[in-house]
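Database features, via TrEMBL:
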{"type": "DOMAIN", "residues": "B:11-263", "note": "domain 'Pyruvate carboxyltransferase'"}
{"type": "SITE", "residues": "B:R19", "note": "site 'Transition state stabilizer'"}
{"type": "BINDING", "residues": "B:R19, B:D20, B:S173, B:H202, B:Y293", "note": "substrate binding site"}
{"type": "BINDING", "residues": "B:D20, B:H202, B:H204", "note": "Mn(2+) binding site"}
{"type": "ACT_SITE", "residues": "B:H23", "note": "active site, proton acceptor"}
Amino acid sequence: MAKIKCALIGSGNIGTDLLYKLKRSDVLEPVWMVGIDPGSEGLARAREMGLKTTHEGVDGLMPHVLADGIQIAFDATSAYVHAENSRKLNELGVLMVDLTPAAIGPLCVPPVNLAQIAAAGGVVNVNMISCAGQATIPIVAAVGAVQPVGYAEIIASLSSLSVGPGTRANLDEFTYTTSNALEKVGGAKRGKALAIINPADPPLIMRNTIYCEVEGAPDREAITASVLRMIEQVQIYVPGYRLVNGPDFDGNRVAVFMEVAGLGDYLPTYAGNLDIMTAAAARTAEMFAKGIQDGSIALPGVKQSEAEAV
Amino acid sequence: MAKSKLEGRKVRLHDMSLRDGMHAKREQIPVEMMVKIASALDAAGVPYLQVTHGAGLGGNSIQHGRALASNAEYISAVAAVVKQATISVLLIPGLGTMRELQEAYDCGARSVHVATHCTEADTSPQHIAFARKLGMDTTGFLMMSHLNDAKGLTEQALLMESYGANTVYITDSAGYMLTDDVTEVISRLRDALKPGTEIGFHGHHNLGLGIANSIAAIAAGASRIDASLAGLGAGAGNAPIEVLAAVCDRMGIETGSNTFALMDLAEDVVVPFMDSIVRVDREALTLGYAGVYSTFLLPARRAAERFGVPARDILIELGRKKMIGGQEDMIQDTAMSMARARGLPGTAG
């Protein structure tokens with residue numbers, strides 16, 4: 001069956017890492033990469049890998065969307081420009097997978113709610129929250145599956161080299177989006193997210209600590225089993241997602257200490273934060289792509305005649 | 001005795017008892033005690049008082065401990081009683097946000113330390129710009145300064161100045177810097193920054209150098225110094241403000257503060273209030289010796305008790321792993337991994 005054609009917007013760390021993931025996909029075919037800097041290393045890499053590129057932003061891509069049959073676009077720019085990118089591409093019937101903290105569409109963590117979002121229908125924009133959200137929300141949801149989580153708090157430690165200028169200049173958006181998603185997707189009544197950027201050399205592997213305060217005395221056995229099952233679910237698409245310590249129980253507090261090693265596609269393996277974000281985005285897009293292929297998902301806004309013409 | 005070369009220099013003291021001091025009190029300073037200490041500091045002429053959770057805005061958390069009151073409650077209560085002093089807050093991007101800064105401003109805070117690790121100044125532009133927009137006295141605060149060299153610190157300071165900071169601090173969070181290091185860094189900053197940009201120094205007393213380093217900073221061009229009553233602060237504490245004021249008096253450095261009033265406040269109010277005397281004990285000395293974030297002291301002691309690994313061993317390991325401020329979760333994680341590696345009971349698997 002023909003692969004579903006994709007465009008990548010943003011040629012920084014995340015966009016470039018995502019490109020490697022898409023190149024390996026059985027159902028997705030990256031066709032375009034969009035940047036804003038003609039000298040961008042990411043664009044040069046994309047050209048080497050056979051993609052068409054533009055350094056004129058989304059407007060440089062627009063004339064080619066229908067002609068090249070783009071049906072899914074990944075946006076790894078910033079929350080500020082995402083809304084406009086999404087509006088323009090949605091008009092042409094393109095599904096947006098949003099890797100910025102803009103959070104226009106439903107928040108998605110694949111093992112927690114991807115199936116539900118895909119089944120709901122009518123979705124034109126899916127948001128991937130943040131790397132910290134992808135790394136921690138599965139654990140919060142796993143604890144919450146056993147008993148209610150009154151409060152969830154997560155700490156993401158990222159190596160300095162893996163955090164690009166967009167994230168650095170907009171740390172508050174990262175904090176707000178991740179905190180909100182701990183509640184909306186993780187199911188905690190209240191959520192709080194903390195981020196630490198550590199410059200150690202050699203770089204430290206991405207670490208995530210998840211604290212959950214549960215209501216009532218924690219059912220240790222059931223929580224431990226649920227967390228371990230969830231880790232396996234994430235490992236399907238991020239093999240380097242590993243438990244370091246815990247679950248540790250202290251009163252009603254559950255603590256889980258994780259690390260995320262990446263595949264080393266673009267940045268070395270310490271940058272698991274890139275992988276967990278891009279792998280989750282690729283997995284989400286694949287779910288939709290399979291639905292498009294078998295006809296179970298119709299992207300709204302694409303006229304049938306146009307869809308058939310490509 | 002000979003006259004000091006620093007005679008006539010003006011320095012503004014910035015009291016940390018009610019922010020850094022929160023660490024030493026495990027965030028358990030009651031609002032009434034904050035009000036009492038703040039009023040007395042205000043009456044003693046101290047121009048700046050920092051008032052928040054030890055980790056600053058957004059600090060109330062499992063990671064950093066929960067204080068007895070919210071930051072808004074502390075700031076509002078203190079703002080209601082001070083007459084001349086400016087109330088400041090700490091904001092560490094990644095933990096605190098601009099929403100919380102707005103709230104602190106609404107409660108009466110008019111100065112802020114926007115703090116980043118000493119190599120990550122570029123995570124602060126939003127917050128510094130927002131503080132300036134509010135009209136706040138805005139400091140860029142380079143934590144764990146010993147983990148960058150003078151050239152690197154100068155680059156980071158210039159970034160913060162470019163975002164709008166009117167003061168840049170060298171922050172010796174681990175109490176690791178030697179006096180010559182302080183002189184070198186502050187001198188380079190003084191040469192590089194605009195003449196109108198002030199320079200500050202925030203010390204910890206882990207190697208017993210809190211006062212000496214503060215004086216070295218003043219000699220090299222710093223005009224703001226963080227200090228706290230009887231040193232009430234993380235690790236072995238900050239430079240004790242009553243000692244600093246006394247030394248400044250002797251050297252003819254003008255602080256505008258009443259030294260005897262500070263001595264009385266330290267002795268009669270703060271020392272009796274301490275959970276244990278803040279001093280250079282074995283673990284605090286380890287922080288300064290190994291370059292570990294001072295705030296890790298008490299959580300490391302708690303982890304030592306729970307997992308059976310000595311606190312000093314945990315602190316040394318955290319230093320080896322290059323953990324920085326804000327990574328308090330890694331204290332328990334490290335203690336658990338060490339306990340398992342040592343085959344201690346209850347750690348199987």
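Cβ coordinates come from backbone N, Cα and C, glycine included.
TrEMBL labels come from automatic prediction, so no person has curated them.
Feature annotations (TrEMBL) mapped to structure.
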residue: B:R19; record: site 'Transition state stabilizer'; DSSP (3 states): coil
residue: B:S173; record: substrate binding site; DSSP (3 states): coil
residue: B:H202; record: substrate binding site; DSSP (3 states): strand
residue: B:Y293; record: substrate binding site; DSSP (3 states): coil
Beyond the site residues B:R19, B:D20, B:S173, B:H202, B:Y293: chain residues whose C-beta lies within 8 Å of the centroid, for substrate: B:M16, B:H23, B:M143, B:T171, B:H204, B:D226, B:G233, B:A234, B:N238, B:S294, B:T295, B:G325
B:H202 (substrate binding site) versus B:H23 (active site, proton acceptor) - Cα distance in angstrom: 15
Confidence summary (mean pLDDT) of the domain 'Pyruvate carboxyltransferase' (B:11-263): 98
Recorded positions compared (B:R19, B:H23, B:H202, B:H204) - the one with the fewest other Cβ atoms within 10 Å: B:H23
Close in space, distant in sequence - B:D20 (substrate binding site), Cβ under 8 Å, 6 or more apart: B:Q50, B:G54, B:D226, B:S228, B:L232, B:G233, B:A234, B:G237, B:N238
Spatially closest candidate among B:R19, B:S173, B:Y293, the listed recorded positions, to B:H204 (Mn(2+) binding site) (Cα to Cα): B:S173
All-chain count of other Cβ atoms within 10 Å of B:S173 (substrate binding site): 32
C-alpha spacing of B:R19 (site 'Transition state stabilizer') relative to B:Y293 (substrate binding site), in angstrom: 16
